[in-house]
Structures are given as structure tokens and as C-alpha cells.
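**Q** Straight out of Swiss-Prot:
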- 83-90, 154-158, 208-211: GTP binding site (BINDING)
- 74-356: domain 'tr-type G' (DOMAIN)
- 1-42: transit peptide (TRANSIT)
Amino acid sequence: MSKFLRGISSISSASLKARASNFGVFHGVCSARNLHQSRLCLNVSKIPETYEEEKEIIDDINSKLPEKDILSSTRLRNIGVSAHIDSGKTTFTERVLFYTGRIKAIHEVRGRDAVGATMDHMDLEREKGITIQSAATFCSWDKDNKDYHFNLIDTPGHIDFTIEVERALRVLDGAVLVVCAVAGVQSQTVTVDRQMRRYNIPRVTFINKMDRMGSDPFRAIEQVNLKLKTPAAAIQVPIGAESELKGVVNIIDRVALYNEGSQGEEIRADTNIPEDLKDLVEEKRALLIETLADVDEEIADVYLEGEEPSVEQIKAAIRRATIARRFTPVLMGSALANKGVQNVLDAVVDYLPQPNEILNTGLDVSTEEEKRVNLIPSSAAPFVGLAFKLEEGKYGQLTYIRVYQGKLKKGSYMNHLKSGKKVKVSRLVRMHSNDMEDVDEVGAGEICATFGIDCASGDTFIGQNSEQQIAMSSMFVPEAVISLSIAPKAKDNGSFSKAMNRFQKEDPTFRVKYDAESKETIISGMGELHLEIYVERMKREYGIDCITGKPQVAYREAITAPTSFDYTHKKQSGGSGQYARVVGEMKPLDGENKFSQHIVGGKIPEKFLFACSKGFDDSLEKGPLIGHRVLGAHMHINDGQTHVVDSSELSFRTATHGAFKQAFLNAQPVILEPIMSVEISAPNEFQGTVVGLVNKIGGMIMETVNGQDEFTVTAECSLNSMFGFSTSLRACTQGKGEFTLEFNKYAQCAPHLQKQLIAEHEKKLQTKK
């Protein structure tokens, strides 16, 4: 839980996750007539420990919703598309937009089409063939003569842009997890799965690239079960394989579906299943029912009685189990070959939740008690919305907002909770990639955007006349792992600072600080590509050429043994001087840093103890060994001394800083380096060479998987050893090798590296002197 709370909005340190989860959902009971009033009921009870308890709360809220709100929610789905890099997310999304009539022609990602995919609207995205920013759109899908409205967000697959996935999943109700039929579950698939679990996102799974040589959907499903530890079963089997892929058989109702037409836009249904697939269909159907019986009580009862469940019973069980996050139905096809995408849209309608089937909570910060509140997905309730994404547009800052409660009208006012300022909604739009369509109002469960609002990503907005001040929690923000110095080549006219401020506002994982010692601006982020993209954006969007330093690893400093300290700070230079004495102990701690005190007899007054805490925080920013942040230190002050004239807050802050340094150096200090999870894929003939390369950089191989044509090596390597790795990998695989890396943990670096880093730091300090 503490890991999540690190990303909490600054509204309140006690803010909890807004999404219903094991972290905290409280039962609020409200009468229907109170929906139009500005005050919601706050009958708070225990945290639901199971989905059944959570469902009781949802059902209670829905029983009191007006029919109009139920109907609008029934036709709405907020979904994201997530996957490992190059699994075909953007290609899949392009087909969704085409088949829903949102676009009139299909365009491909870089390398196949001069235009570029609709959702990759940045020039950099189209040039590099990757998604950098999550892009939002909306479209409509007709199923059973009913029109359904989708708010759809396409997310990046590269780990460097993981915050885009975090912010999208934070506001979505369901997702499509795209898995490659050849490579199966890969490193970033595992990361995306972890992010979906963090926000309790139900998902349907689409096995893509079924037209590729070596595709094996059932191996991929097995990996979903084993690696993601998510019960999964196919609800389709493919008709044909690889280049002969023609369609799929829906095993629930035993109907063959063929994609026809020049772009697969026509679906031909046939109850006559190909003869060679009948046994496979029955086998996979039996496996589906067996898997559902493990996760759904109603199907379990039918299964144990030896009866065959009906089509309606199977579909209802899949929906219940999927929304309860106990199961994921698996579909298959090929987005590039225009096969199977429409079936996924049907599955989104059938199996993913509508907004009123998800429990969202906020925290009422209008009182000191900070009561937790269940949000009501009704347009009649007071407005509550979360700003989850910012972009700089031609009309100023564009703010994406998810409406959780109430409605937002063009021309109306809302309050920015953090600042208390009243904000006018002068323009309200729905986004389609980088295009927009004006709307007059949006209701509960919708996603929209507005202009001219000064806020940060993760801020909450409430209705102007709301009595409650409901704060939504923000998304989880991971720590930066790499830094570099940056400076404009030419004299800065203010654009450099403007760009830095804007990028920080847009992206919480992009950090900027000024190092007073080196007099350099330091930018930090999630990887080399992450920072490289921002340097390139500076040039394109602001016309600023920048000089960058060598990438620096974000090391951490830690202690490995307990120690005590007794430190006195004395300074006399005429007049009142400075005096403070602090006594205590310091010991290693797993994870976060901690400051504590237990002073008997008032030897150190309360105001000076607060200064000690600030001195501790200051000391953590720059460790005594190499000037990097300190991790896992617990400082406890249990005694001290003051002077009637010379003691001050500054004295005790300085004394704590000195005591920290003294104790730290006596506590067997070590330097920690980031260890990355690395996944390398290459043709089989290069396996020996790649394994040798991993061993050469000191990596630890965790797993090797051999496919028909390619192999995959998963290893743990220090980030320091990964600089230049892409060049080495290209050289030893004739340009055919690929790799991804993701931060895993901090670990103690080798003694020789520690000595080298300390020597370099001391030399740097001597040069400055």
C-alpha cells in the first residue's frame, strides 16, 4: 500500500485510492432523494474484503439511481488498449476506429504507410513507429441493434512512457490486453498486468498476430494463466493458421465467423463449423466451462450437477467473472490482416463493465476527519472530476477530465480543490486523437477535455456549490532511474524554462532540478529514450537546441549497520551565536526513510524538534558518499541540549544535518544501484552470442524461452551496464535483436564500483574548490 500512496495527490496525505479495492472502499448509504442535494450521506462502514461485499455496495447505489442514469451508463464503456511494445495496440485501435465508422480509411504505423496511424498524432510517434503519449478518442458500436458509446485510450507499450499507461488505467473501467500470438506474454505484458491490478481493471484479452509464422494462441493463453496468474480461457478457436487465417469459431454458440470484404469489414456467420475443427471446439468449450466453474458459483452448480450450461448462462458467467477480476476471456485474430477485431468490440459490450458497475470512492477533506465517500454515478449528484492528463494545445493547456459524479456544462463553473479557485468551463470537447469535437455537457462516467485551466495532472475538481470537498487520489508515479545535465546552446530567452515547466506539468515522471554545486539543470526520467524524446521535443516545439551531458544513473546511498550519534553544533561570531546538541541512534530500514524522536523532560522544545525533522529531510537529498539520495535510514533522537540565547530552529536543523552525516559514515554505508529486468529477443542462431553478451555485462539470466524461430532471454542487469547495450546487441545479432528494460529493484553495487564512484565524487568536489 505504501508503494501506491507515494503517488497520492497532494490534496491530503491521508488520501486513499479512489477505485474500490482491497486498499479501501467504504460503504455509504444514500437515499435517492438526496442525489440532487449537494451533501452526500456518509454512513461509513468496514472495507469490503471480497468482491461480493464490493458488489453489495454497487447494487445498493444502483438501486437508488434514476432510470435515466442507469440507461446512459448501460450504453457506455470506458476502455484502454494496453500491451507489450510492438504487440499491435495501435494497429488494433486503428481497425476499431475504422469498423466503428470513426475514420474512413485505415492507416498503418511507420514503415507501411506515409500517413501514419490516427492515434499516433505526434510527428515523433510516426517517425519512430512507437506510441509516446496515450491518445483518447470516442466511437460508437452497434450490437444487437443497440448503439454503444466507447471512450477509448490507446497507450504506449514502451516502459519509458509507463506513466501514460498509469494515467489511462486510473480513469478507465476496463481494458483490452493485446498479446502477441508468437512472442506470448512478454516483460511489458507483465508490467501492464501489474498496473491493471493496481487500479482493479477487468480485461478481455486479444491474441493478435495470428497470421504470423509460429503463432500459437493456446501457448499464449497458457502463459496468461501461468505468468500473469489470471484464470483465462479461449472463447474462440482460429479457422486456418498463419497466412491461411480466415476467421474464428465462437465456441460458446458454436458459430464460425469469417471476415470478408477488402478490409475485413463484412462478417459472415456460419453455423456449419469446419469439420476438422469440431473436436477442437468441443475440447476448448469444455475447458472454458471448467475454468468458469472454478471462478463462478452459478456455473459451478450447473457443472457439478453434470448439466451443460446454456449459451446465456455461459455468457452471464463470463461477464460476472470478468468484472469481478477473476477471469479474462480470450479472443484471437490479426489486426493487420483485418481479422477478429469486431468480435473484440462485441466482447467489450458483453463482458466489460459499464461505469455504474465499478465502485469509485473519494475522500471528503472538508472536515478534519476526512471521511471516505462512495461516488454516485448520477448526473443529478454534485460534480466530481479528476484531471488525469495535460497537453499544450494551440488554444492553451488542454486538460483531460474523467467525470465520476454529476455533470459538467459548457459555460458553468467548477472549483479547483487544491487551490480553492473558481474556474469557468469556457469550452468543452470530446477528443479524437489530436482533433476535437465541441459538446455542451458531459455526464457521470464520461471523459472530456477543456481549455484554459491552470492545474496539474491528478488534481480534483468539484461543483461550485458542493458542500463536500471530495478529493480523488492521483495515479502511482514511479521513481526516475536516469538523469542527465541539459543546457540550451544559445542564450535562453525564457523558452527553455517555459518548456521545462510545461513538460513537468504534463508528465509526473519527468523531473527537473537545478544543481547549485555544478550550476547545471538536471533532468531525470524513466530511461534514455524518455529523456531523448523530451530533448527532441525542445528542438521541435520550442526551437531550442540543447547540449546534454552523459546519462547518469540514479544511485542511492544506504547504511547496513546501526550506530549512535552525539553531535553538537556551535558557532560564535559576535552577538547571538548558534548552539544545538542532538543525541540518538540511526539504523537501517527496509524501504522508506523514517525520522522519530522521544525526548523526556522537554530538553528539546517542540519547535526545535520540527527543525530536526526538516534537517533530516534535507540530509536525505544528498548523501555523504556521492551526493545521491539516501534510501532506508531511520534516525531517532532521544536526547539533546539547548542554550537559552544561542539555540534556534536553524541551529537544530544544522545540528541534525551534521549528526546525520557523522552517523551515516559510521554505519557501514553502501551505494545502491538500480537493477533492471531485461528481456532480449533474437533469432535462434544468435542465442549463444546473446547469452555471452549478457554474461559479459555481468547480468544474471533468470529465464530462457525457445520459440520456433526466436528465443527470449530474461535477465537482471545493472542499469550502469546497459549504456551502449543496444549498439552491442545490434552488432552481435546483425540488427535483428530487440530488448526492453524495466526498473526492478535497488541492490548494493560491487565494492570496486563503490570505490570508483566515491573517488570520482571527491575529485569533482576538489575541482570546484
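Just so you know, glycine gets a Cβ as well, placed from its N, Cα and C.
Thinking about packing and proximity, how do these listed features fit into the structure?
**A** Of all Cβ atoms in the shown protein chains, 29 besides its own fall within 10 Å of the Cβ of Lys89 (GTP binding site).
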**Q** Near the Cβ of Thr155 (GTP binding site), how many other Cβ atoms are there if near means within 10 Å?
**A** 28
**Q** Among all the protein chains here, how many other CB atoms are within 10 A of the CB of Asp86 (GTP binding site)?
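**A** There are 21 such Cβ atoms around Asp86 (GTP binding site).
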